[in-house]
């Protein structure tokens, strides 16, 4: 997850409160000092940190927690609300026909962001197109075209044309059937008159509905001055923070943007076109504190299911597993769906009670090992017969040896696959006996288990955030 170090540090501080029936002033002071240290290490502005810590301390000492709420959960709620306020609101971005222009300096990640945003809009049922107008950077056209192909979206660019305004004009005509047109522009080492003039000329031509500034998270609190400079020069409607997975300064960048008149539209991390998320303050902070994000999780599951079912000749329906026999084919489809959801550590962070504190306790390579096992299982199933995939119980010693020879995997891995299937089959049988009321109670228990194991009872539920926001 993005901002891993900050999240781990904040969760560790709050976990120190477990088991305490009441908090003294000294306890609160210690908590505030640890939160200050965590935020300063994330390059959050000193003044912002001081204001936030003062607010947390005042509320923790003066406000009375609801009956039945533990001191830890009450402080957790206060920290959650103050952090949501710190990072600000999300940029308004309706799912409708529009033209978006991206601006930013060299190396901020504009071209990658254009492809990621286009992919994101495509998952919402819209037809996006990328218009590449950068004629200055060598390779900009090729990179943009390649990433558009990865995102499976329309693309326009002209490597033989030197005038970015003409490319923009021609691009609008070529992509007139698109719902969302994303115009990528050139960058510079700094915001100079030449860049401002070029962006203004392109803006005058395309008349974008929204101008988004792309900022590298590594800028930390310096993002404030850059956002303010671009706002003063060309006007911006929102910000995209990129490369959050590669720096400890992401928290500073998020907080800095909120200090200006800007808001955040998207967060980018990773190298694939799917490594982008719409910035939702409540869900983002909820994950940061280890409380999960059911809204983001639901969206990922639905999208992954659609991708898994695309081109499926057997018309696989996961609900069938609750009614009949669970086969290795079903297990394989589940694995494909999990893979389509993205990195496992990100998925785990979205599940209340499984992310946060639990993830902190796992070895650094735990998710890589799990991903590797899933890949091995897939290779092993390629070497199985139709009968074995439909009925794994027929796989004995001789068949295991044959499967090992065909897949190149050790017998131990084949046995792991069969054991994993058996465990999942037993779990599904338990679900088969559940009524709707049982399922609802189970989901409620999961949500109340957020915060790395501490209950959230008596603190509200539903809505966007874990506290009913």
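Cβ coordinates come from backbone N, Cα and C, glycine included.
According to Swiss-Prot, the features are:
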type: BINDING; residues: 104-111, 184-188, 242-245; note: GTP binding site
type: COMPBIAS; residues: 448-469; note: compositional bias 'Gly residues'
type: REGION; residues: 388-410; note: region 'Disordered'
type: REGION; residues: 447-469; note: region 'Disordered'
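Taking the features listed in Swiss-Prot, we show where each one sits on the structure.
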residue : record           : Cβ neighbours (10 Å)
104     : GTP binding site : 29
107     : GTP binding site : 13
110     : GTP binding site : 27
185     : GTP binding site : 26
188     : GTP binding site : 15
244     : GTP binding site : 24
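Classification of residue 104 (GTP binding site) by DSSP places it in coil, neither helical nor stranded. In the region 'Disordered' (388-410), the DSSP tally of helix, strand and coil residues is 17 helix, 0 strand, 6 coil. Annotation note: residue 244 (GTP binding site) sits in a helical segment as assigned by DSSP.
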